[in-house]
Amino acid sequence: MPLPLLPPLLLPLEALLDLALHLVDSTGVAYSARQVTPTAPLPRLRGSSTSNDVTDNSGCKELTFIFARGTTEIGNMGTVVGPKVGEALKSLTGNKAAIQGVDYPADAAGNAALGGSGGPKMASLVETALKQCPDTKIVLGGYSQGAMVVHNAASKLSSGQVVGAVTFGDPFKSQKPDNIDQFKTFCASGDPVCLNGANVMAHLSYGNDAQTAAQFLVSAAGL
């Protein structure tokens, strides 16, 4: 199934942050549906921005989570939501989850590739994980550009290789990925990427959905 055209408002993460700064007036109040202020503390980040349980062949776990970060995020997991989902999965499964980030450029130019710069790498990681641990349950996740990576990777996989997937701020939120039965997407109200909204901070809020996403993936895996 061909992927839809890229929404015109899909901006790189650093551009979203720059725009967010310009939305703050002299009183220090950000124009956001959630009334985010620059003096309010950001949510505490949990987990690491890099995780390589598959590529390091760290041992078989009941669940394997492969995640693609958003544009310009650091490491291979990013910081907005990937590490938080990973930590939640470990907690919910009693540390029986392997976590792997997709090492792809995640640069602004990659948005035009509609996930093509990371999709093949994510699909390859799925194959590697199943070769190392045939009984593990594979689940996928992606944020922003990384969400497109999930769609691209799914089209290269066979039915049954991946039991579930979640995406956040997904430009293709209306399209269920190929070959994945259990799929859930998170799109915050006002998100300029998945809803063509005007609330830039909404696109950075998906850490709030990490626990719900992890619970969905654990259920999809039958654990």
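Quick reminder: no glycine exception, Cβ is built from N, Cα and C everywhere.
Per Swiss-Prot, the features are:
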ACT_SITE  Ser144  active site, nucleophile
ACT_SITE  Asp191  active site
ACT_SITE  His203  active site, proton donor/acceptor
DISULFID  Cys60-Cys133  disulfide bond
DISULFID  Cys187-Cys194  disulfide bond
SIGNAL    1-26  signal peptide
SITE      Thr71  site 'Transition state stabilizer'
SITE      Gln145  site 'Transition state stabilizer'
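Taking the features listed in Swiss-Prot, we show where each one sits on the structure.
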residue	record	DSSP (3 states)
Cys60	disulfide bond	coil
Thr71	site 'Transition state stabilizer'	coil
Cys133	disulfide bond	coil
Ser144	active site, nucleophile	coil
Cys187	disulfide bond	coil
Cys194	disulfide bond	coil
His203	active site, proton donor/acceptor	helix
Please tell me which one of the recorded positions listed here (Cys60, Thr71, Cys133, Ser144, Gln145) sits closest to Asp191 (active site), measuring Cα to Cα?
Ser144
Nearest of the recorded positions (Cys60, Cys194, His203) to Thr71 (site 'Transition state stabilizer') - Cα to Cα:
His203
Cα distance, Cys194 (disulfide bond) to Cys60 (disulfide bond), nearest Å?
35
Expressed to the nearest Å, what is the distance separating Cys187 (disulfide bond) and Ser144 (active site, nucleophile) at their Cα atoms?
10
Go through Thr71, Ser144, Gln145, the listed recorded positions, and name the one with the sparsest Cβ surroundings, counting other Cβ atoms within 10 Å.
Thr71
When you tally the Cβ atoms that lie within 10 Å of each candidate's Cβ, which of the disulfide-bonded residues (Cys133, Cys194) has the highest tally?
Cys194
Could you say which of the recorded positions Cys187, His203 has its Cβ with the most other Cβ atoms inside 10 Å?
His203
